[in-house]
Amino acid sequence: MRLNPGQQQAVEFVTGPCLVLAGAGSGKTRVITNKIAHLIRECGYQARHIAAVTFTNKAAREMKERVAQTLGRKEARGLMISTFHTLGLDIIKREFAALGMKSNFSLFDDTDQVALLKELTEGLIDDDKVVLQQLISTISNWKNDLLTPSQAAAKAMGERDRIFAHCYGLYDAHLKACNVLDFDDLILLPTLLLQRNEEVRERWQNKIRYLLVDEYQDTNTSQYELVRLLVGQRARFTVVGDDDQSIYSWRGARPQNLVLLNEDFPALQVIKLEQNYRSSGRILKAANILIANNPHVFEKRLFSELGYGAELKVLTANNEEHEAERVTGELIAHHFINKTEYKDYAILYRGNHQSRVFEKFLMQNRIPYRISGGTSFFSRPEIKDLLAYLRILTNQDDDSAFLRVVNTPKREIGPATLQKLGEWATTRNKSLFAASFDMGLTQTLTGRGYESLTRFTHWLGEIQRLAEREPIAAVRDLIHGIDYESWLFETSPSPKAAEMRMKNVNTLFSWMTEMLEGDELNEPMTLDQVVTRFTLRDMMERGESDEESDQVQLMTLHASKGLEFPYVFMVGMEEGFLPHQSSIDEDNIDEERRLAYVGITRAQKELIFTLCKERRQYGELVRPEPSRFLLELPQDDVIWEQERKVITAEERMQKGQASIANIRAMMAKAKEK
C-alpha cells in the first residue's frame with residue numbers, strides 16, 4: 001500500500017525537528033518504519049546512528065519486525081529500536097563508571113521495592129498498604145520529575161511530604177549500597193548524567209544522530225528531558241504523538257510536552273496524519289465531535305474512506321447484572337448471525353472491578369474470553385526463582401535476591417538464622433552473602449543453621465566462579481545442583497503443573513543461552529546483561545499479551561489503547577463511571593473525554609454503548625445519570641433503545657435464559673445441517 005501525502009511528507013522531512021500529529025488508526029508505525037528506511041537508503045545515515053524509542057516491548061518488537069521486512073536484516077543491523085527504559089539501561093551499562101556504580105548492578109521489581117520500603121519505613125509511617133502505596137507513587141513521581149531525595153526534602157510542603165522525603169533518602173541510600181536500581185532509575189540516572197556531564201552527553205549525541213519517538217504524548221518530565229539532551233542543538237528527530245490520546249497523566253504523562261516542543265525547538269515542523277484506516281466514517285464522526293469539546297493546540301479531524309458504516313447503539317439495562325446479561329445475549333446473537341470469531345469482540349470498561357459480572361455471564365454461556373493483564377511469563381514464581389539465582393550470581397550485594405533463594409528449595413536455614421545474619425551484616429555494612437563468609441559469624445550462629453548457611457553460600461560461590469568462565473554451564477549446574485525439578489513436583493498442585501513450570505524454566509534457559517551466544521543480528525551478551533534484560537522485560541511486559549486464540553477480549557479503556565476490534569461494547573457509560581467520579585470532583589473531565597475517545601476509536605465496524613438505571617456502589621443502590629459523553633455524540637447517528645416495560649428480576653432471568661437457549665438451539669440446528 002502506497003503512503004498517502006501526509007505520510008509521505010512525514011517520511012521525507014529529515015532536515016530539522018518534526019512532530020507528526022498522528023490520529024488514531026492513521027498508520028503511524030508505517031510512517032516510522034518507512035522513515036527509518038528512508039534515512040538509511042536515501043539520506044546516508046548508518047543504522048547504528050539511528051534510534052527509535054517507544055513505550056512497550058510489544059510495540060518495539062512490532063517495529064523491529066516491520067523494519068526487518070522493509071530493509072532486510074543486513075541493512076537493519078546495529079539499529080536501536082527499544083523502549084525508553086531499555087535505552088536508559090543501555091546508557092547506564094556503558095556509563096556506569098561515570099555514574100559511580102559497579103558494572104554488575106541488579107534491577108528491583110515492584111515486589112522487591114515493596115518489601116524493602118516496608119522494612120525501611122517501619123516506625124516511620126503507618127503499617128498500612130494504602131500509605132505504603134502512596135509512598136511508592138510519591139517516590140516514583142519525584143524521580144519522574146528529576147528530583148533527588150535532598151531536592152524532594154527541600155520542596156516538601158507538609159509533615160507527610162517531609163516524612164516521605166526522608167523515606168526516599170533511606171530507600172535511595174539502600175539501593176546505592178546494594179548496587180541496585182529500580183524502574184524509574186533507568187530514566188532518572190541517564191538524564192541527570194547527560195545534564196551534568198558534557199563529555200558523556202556529546203558521546204551519546206554523536207552515537208544517536210537521528211532519534212524517532214513513538215507515543216510522545218505519554219512522555220513524562222524525565223523522558224522529555226532525556227530526548228532533549230540526546231538530540232542537542234542538531235535537533236534531528238521525529239516524534240509521533242496524538243494529544244487526543246493522552247490518558248496517562250495519573251502516572252506522570254504530560255500531554256503539554258507536545259506544546260513544549262514548539263518552545264524548545266522553534267523550527268519544529270508539524271505534520272498531521274488525519275486519514276484513518278481502521279474505523280467507519282460514522283464512528284470517526286462521533287469521535288471527532290466528542291473530542292472537539294476539549295481545548296486544542298493542534299486541530300485535526302479524522303476521516304475515512306471505508307464507508308459511513310452502521311449506526312451507533314445505546315442499550316439501557318436495569319442494573320449491572322442485567323447489563324452483563326444483555327451484552328452477552330447481543331454478542332451471542334451477533335456472533336451466530338454474522339458468523340464472526342469471538343476474538344472480533346471487545347468489552348471495554350473504565351475500572352477492572354466491572355469485569356467480574358461480565359465474566360460470570362460469559363462463563364455461564366460457555367463463551368471463551370480473556371481478561372487483559374494476565375500473568376506475565378517473567379512474573380511466574382519459577383521464573384522469579386531462577387532470576388533471583390541469576391541476580392545473586394551477578395551481584396553478590398543483592399540482598400533481596402539472596403533472601404528469595406536461600407530457602408528455595410528448603411535448606412533448614414530458619415528465620416532466626418537469617419535474622420542474626422542480617423544483624424551481623426548491618427553492623428558491618430556488608431551484604432548478607434558477603435557476611436556469611438565472616439569467620440566471626442560463629443560467635444552468633446551455631447549448629448545446623450550455620451552449617452546449612454555456609455554449605456549453601458560456599459556452593460553458590462563455586463557456581464559464581466564457574467559463571468565468570470562458562471556462564472551457560474554454570475546455570476545448567478545451578479538448576480541441577482538445587483534439584484529444582486524435584487522441588488517443583490513437591491510444591492506444585494499436580495504433576496502436570498510441575499511439568500509446565502519446568503518447561504518454563506527450560507524455556508528461560510534456552511532464551512538465556514541464545515542471548516549469551518549471540519547471532520548474526522545481536523552481539524553476545526554477558527550474564528549480568530542477560531539478567532538485567534530479563535528483569536526489565538518482566539517489569540515492562542506485565543499486562544502485555546500476544547495471545548491469538550479465539551476469545552472475547554475484556555479490558556479497561558486504558559489497556560485498549562493501540563488495539564482495534566471489529567465490534568466493541570463500551571459498558572458503564574454513566575456519570576461517576578465515565579467520567580470517573582474523582583475526575584468530576586477534581587474538574588479534570590478533559591482526560592476522561594480523551595479516554596472515551598480512545599474507546600470509540602478502537603471500533604472498526606460497530607460500536608454499542610451500555611448504561612444502567614441502577615447500580616450498586618460501595619453497598620448502596622445509586623441511580624446514575626447517562627454519561628455526558630453520550631449526550632455529546634451526534635444524536636442523528638445514535639440509536640437510543642426505547643424505554644421498556646419494567647419487569648421483575650425473576651421474569652428478566654427467565655426471559656434472558658430463554659432467549660439465550662433459543663439462540664443456542666438455532667446454532668445447534670445450523671451445525672446439524
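The backbone N, Cα and C atoms fix where each Cβ goes, and this holds for glycine too.
Residues or ranges marked as domain 'UvrD-like helicase ATP-binding' in TrEMBL: 1-280.
Shown in sequence order, Lys28, Val31, Val240, Gly241, Asp242, Leu273 are the residues of the chain, 6+ apart in sequence, with a C-beta less than 8 angstroms from the C-beta of Ala22 (ATP binding site). Following the DSSP three-state reduction, the secondary structure of Ala22 (ATP binding site) is strand. Feature annotation from TrEMBL assigns ATP binding site to Ala22, Gly23, Ala24, Gly25, Ser26, Gly27, Lys28, Thr29, Arg278.
If you look up TrEMBL, you'll see 281-562 marked as domain 'UvrD-like helicase C-terminal'.
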Going by DSSP, give the three-state secondary structure for Arg278 (ATP binding site).
coil
What mean pLDDT score does the domain 'UvrD-like helicase ATP-binding' (1-280) have in the model?
90
